[in-house]
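Below: one structure, written as structure tokens.
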Amino acid sequence: MMKKSIINTLIFTSIATFPLYTLAQTKLTELQVATIVNNTLTPLLEKQGIPGMAVAVFYDGKPQFFNYGMADIKAGRPVTENTLFELGSVSKTFTGVAGEYAMQTGIMNLNDPVTEYAPELTGSQWKDVKMLHLATYTAGGLPLQLPDSVTDQKSLWQYYQQWQPQWAPGVMRNYSNASIGLFGALAVKRSQLTFENYMKEYVFQPLKLDHTFITIPESMQSNYAWGYKDGQPVRVTLGMLGEEAYGVKSTSQDMVRFMQANMDPESLPAGNDKLKEAIIASQSRYFQAGDMFQGLGWEMYSWPINPQGVIADSGNDIALKPRKVEALVPAQPAVRASWVHKTGATNGFGAYIVFIPEEKVGIVMLANKNYPNPVRVQAAYDILQALR
């Protein structure tokens, strides 16, 4: 049986048999929310063979936490809302906010050519590539991953210098760690801080994300979950630009706080004006591919969504393939009637975050197994639809 940090008497017949539209007509109790979450996720966990998952649901102005299974099978350590999970590409949402903060504070401009921040790139293929293109995977075909031969700064710049685009900038979206990773590194370059320290000082600490890290300190190692692949424990090893593209670890408690800040930036305390503007700007609609709008890190769909379209878009057969995009010039400001989301994975972890600002609901799902994105999106949609 999956371990849960909630009462096991959640499923009682009178609630479970109500149709979802009946539940949504009045404000739900915590027990009703828990029933919806458990009825959706318990079968998913079993079917996907997921050892552990930490879930946070934001509803009725507050978070509710649900913890399942094991963070460390061998040690018998259960998942809690303080368990650290690898976020994989959900990290890109932090990089997006950090990049927009650099823009707000004047150390980077999205419309600048990349070469203004990387004089190492003297090849003619770079002359029309802007920072915005790197941030939105539209530079012209940078690959999903850097090659294994890139192991240090010298080989990194050699790689980018010899890279040849397949398309003109701003025409095709090709999801790429090599693209947004370089963006993150260059966006903070003029701060004179490392990317990790910049993120700590200007994003993590102001948002009070005290259990969110790129490098997990020794004092927090006991909270770090093991990921599992083929039943074996695994953890990520960050390669070049890994910090910027997939390097953040966090808890469900911190991630729901991060989600709240992104869902309602106006609620941030006074004195955080530039960070507030950065968060809002990260949800700007810069490019459109089908029904999907590309922000900085975040991907958005106009609400209400076509769920099957969003679910299909999340699968690797679409998400990782080149897609023709339309540049939105000027970028469309953040739209509150949006499904704002991001998936993420490492070899042993699978993460998902989604929220609907207009509806003031959202969910974070952190698992220590990489399982298919469409399964995550379907489950989150089912839960959020039942909460409305």
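Placement of Cβ uses the backbone N, Cα and C atoms for every residue, glycine included.
If you look up Swiss-Prot, you'll see 1-24 marked as signal peptide, on the strength of sequence analysis.
The active site, acyl-ester intermediate feature in Swiss-Prot is assigned to S89. The Cβ neighbour count for S89 (active site, acyl-ester intermediate), using a 10 Å radius over every protein chain in view, is 21.
The active site, proton acceptor annotation in Swiss-Prot covers Y175. DSSP assigns Y175 (active site, proton acceptor) to coil in the three-state reduction, outside any helix or strand. Within its own chain, Y175 (active site, proton acceptor) has Y137, L144, A319, L320 as residues 6 or more apart in sequence whose C-beta sits under 8 angstroms from its own.
G344 (substrate binding site) counts 24 other C-beta atoms within 10 Å of its own C-beta, drawing on all protein chains shown. The substrate binding site feature in Swiss-Prot is assigned to K342, T343, G344.
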Other than K342, T343, G344, which residues of the chain come within 8 Å of the substrate site, judged by Cβ distance to the Cβ centroid of those residues?
L87, G88, S89, V90, K92, T93, H341, A345, A351, Y352, I353, N373
Please report the number of other Cβ atoms within 10 Å of the Cβ of T343 (substrate binding site).
24
What same-chain residues, at least 6 away in sequence, bring their CB to under 8 Å of the CB of K342 (substrate binding site)?
S89, V90, K92, T93, G297, W298, E299, Y352, I353, V354
